[in-house]
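Engineer: According to TrEMBL, the protein has these features:
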| type | residues | note |
| --- | --- | --- |
| ACT_SITE | Glu117 | active site, proton donor |
| ACT_SITE | Asp258 | active site |
| ACT_SITE | Glu351 | active site, proton donor |
| ACT_SITE | Glu372 | active site |
| BINDING | Thr475 | Ca(2+) binding site |
| COMPBIAS | 518-543 | compositional bias 'Basic and acidic residues' |
| REGION | 516-556 | region 'Disordered' |
| SIGNAL | 1-25 | signal peptide |
Amino acid sequence: GAVMQRFLGSLLCLCALRLPPGTDTAARGLDIASYRERVRAMFYHAYEHYLESAFPYDELRPLTCDGQDTWGSFSLTLIDALDTLLILGNVSEFQRVVNVLQEGVDFDIDVNASVFETNIRVVGGLLSAHLLSRKAGVEVEAGWPCSGPLLRMAEEAARKLLPAFQTPTGMPYGTVNLLHGVNPGETPVTCTAGIGTFIVEFATLSHLTGDPVFEDVARKALKALWKNRSDIGLVGNHIDVITAKWVAQDAGIGAGVDSYFEYLVKGAILLQDKELMSMFLEYNKAIKNYTKFDDWYLWVQMYKGTVSMPVFQSLEAYWPGLQSLIGDVDNAMRTFLNYYTVWKQFGGLPEFYNIPQGYTVDKREGYPLRPELIESAMYLYRATRDPTLLELGRDAVESIEKISKVDCGFATIKDLRDHRLDNRMESFFLAETVKYLYLLFDPDNFIHNDGSDFDVVVTPYGECVLNAGGYIFNTEAHPIDPAALHCCRKRREEQWEVEDLMREFYSRKKTKKFTLKRAPDRGEGENAEDPKDASSEKAGEKRNSKKSSHSLLSCPSQSFNSKLAVLGQVFLDNT
């Protein structure tokens with residue numbers, strides 16, 4: 001370990017390539033509006049050629065101008081690109097695609113599908129589009145957002161994945177047949193990310209549909225990974241979901257593990273769940289202790305902590321964005337700048353990069369137009385407004401246009417050294433890469449809403465605040481509105497408590513001064529404390545048989561005329 005550290009220390013002169021702030025004055029005055037328009041043009045160049053040459057197949061093959069099925073057979077690029085259309089402001093095409101998907105997509109097909117990819121791209125894409133459909137001018141059903149055609153499709157797709165979770169450990173198989181369930185003879189070995197990347201979509205589904213099964217299986221899988229971490233607090237890369245034995249024991253933050261860590265943080269924020277966050281923070285300590293060297297992260301043996309691969313993978317570039325979400329901005333920037341030097345060396349991020357040698361790894365020289373570094377730049381730009389982050393956006397636009405643009409779209413870069421291309425355009429190019437680039441260059445996008453603007457929606461369960469911002473992106477960049485999770489509560493006692501709270505609020509208002517304490521932030525279920533400070537004592541006597549399992553201000557199942565904003569401020573109709 002120590003030898004490795006010295007070796008790295010002496011060879012990491014790459015960091016010296018960093019330009020001090022202010023050197024590139026042209027970029028400092030970068031015209032974000034013109035880059036925003038170039039990103040928009042990029043989207044339509046790819047999207048229109050997909051529709052023209054590849055639809056209804058999953059993906060466009062840009063060198064031969066035709067299509068292919070890759071992850072299933074459900075017009076994947078169309079589902080993945082749907083919410084990007086709205087972020088670019090194209091409501092008419094969003095509405096058209098919603099109709100096309102309703103008529104054309106069928107999940108009752110004899111196809112072996114990746115449980116992970118189907119969840120993040122299909123279930124995530126449909127949920128996000130469902131929650132944004134009213135904003136996009138779609139005529140929504142009376143019960144929306146607790147019902148609707150896109151929600152039914154998302155639920156149908158997710159149900160097809162449930163058989164994969166029926167294992168002794170609760171950790172899912174990696175592949176499922178959409179018609180027959182898990183194939184006999186299916187391999188029980190799944191990567192860590194393929195087990196721990198469900199809580200965002202599945203909890204959203206459970207909260208909207210009222211069926212707890214989705215959130216339950218996602219939580220059980222998360223906890224099984226946690227239970228099987230090593231003594232030094234690390235998880236490996238692949239595990240046997242029947243025996244819970246680690247098959248690949250490399251621990252790191254990149255491929256095979258990445259979105260497990262991401263979903264602990266995002267699940268914690270989405271569900272206000274302290275348990276998930278404390279799990280992540282424990283992992284974070286172990287990751288810093290064993291895998292971090294000079295603001296790079298290496299791969300180590302999960303039981304011993306010894307370095308197994310001094311390699312940076314392009315998929316790891318999401319990490320600075322994740323660090324920014326927990327407020328660790330300084331460390332995030334330092335690691336981001338390391339990764340950005342690699343981008344500048346090649347005009348893209350090679351899949352693997354040997355840190356000590358400062359060069360690509362054999363057979364891993366490609367860049368399939370991945371979003372991760374751009375995603376981190378978008379988060380960090382929101383946090384710091386550092387113009388270096390816009391420069392990465394600029395470099396990405398220039399590189400992708402120069403190297404990867406072809407007549408029929410944008411092609412995967414097979415080799416960053418000689419710019420050879422591959423006949424593939426992954427659906428994440430339109431779902432993520434273009435979206436994060438556009439959001440980096442569009443500071444006023446509705447996605448960046450700070451809560452000063454919101455919609456009030458009447459649901460069968462009372463009024464509900466939506467589109468106030470704070471969107472959580474799933475790992476395929478599909479934004480989920482966390483407030484929507486509180487629109488469809490069917491629990492009477494929660495409604496009573498909110499009404500009691502408001503009665504107390506009004507009676508105190510009449511007697512001049514009043515204070516409204518915020519309900520304590522906490523998770524749900526067994527960890528929740530009794531909200532004594534918020535509900536009136538009389539209500540407590542009346543209903544003390546039912547211990548509350550929900551935060552009172554978790555947001556509206558209200559049948560009265562007030563809106564509760566996200567931060568616990570109360571807005572009245574008549575002010």
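Note: Cβ is positioned from N, Cα and C throughout, glycine not excepted.
TrEMBL does not curate its annotations; it predicts them automatically.
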Engineer: Out of the recorded positions Asp258, Glu372, Thr475, give me the one sitting nearest to Glu117 (active site, proton donor) by CA distance.
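Structural biologist: Closest candidate to Glu117 (active site, proton donor), judged by Cα separation, is Thr475.
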Engineer: Report, as a single number, how many Cβ atoms besides its own are within 10 Å of the Cβ of Glu117 (active site, proton donor).
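Structural biologist: So the Cβ neighbour count for Glu117 (active site, proton donor) comes to 20.
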Engineer: For Glu351 (active site, proton donor), which residues of its chain lie six or more apart in sequence with Cβ-Cβ distance below 8 Å?
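Structural biologist: Glu351 (active site, proton donor) has long-range Cβ partners Gln313, Ser314, Leu315, Val361, Arg364, Glu365, Gly366, Tyr367, Pro368.
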Engineer: When you measure from the Cβ of Thr475 (Ca(2+) binding site), how many other Cβ atoms are you left with inside 10 Å?
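Structural biologist: If we count other Cβ atoms within 10 Å of Thr475 (Ca(2+) binding site), we arrive at 25.
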Engineer: Identify, in sequence order, the residues in the chain of Asp258 (active site) that are 6 or more apart from it along the sequence and have a CB within less than 8 Å of its CB; answer 'none' if there are none.
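Structural biologist: Those within reach of Asp258 (active site), by Cβ under 8 Å and sequence separation of 6 or more, are Ala193, Leu315, Glu316, Tyr318, Thr475.
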Engineer: Tell me, how many other CB atoms lie within 10 A of the CB of Glu372 (active site), whichever protein chain they belong to?
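Structural biologist: Its Cβ shell of radius 10 Å holds 25 other Cβ atoms.
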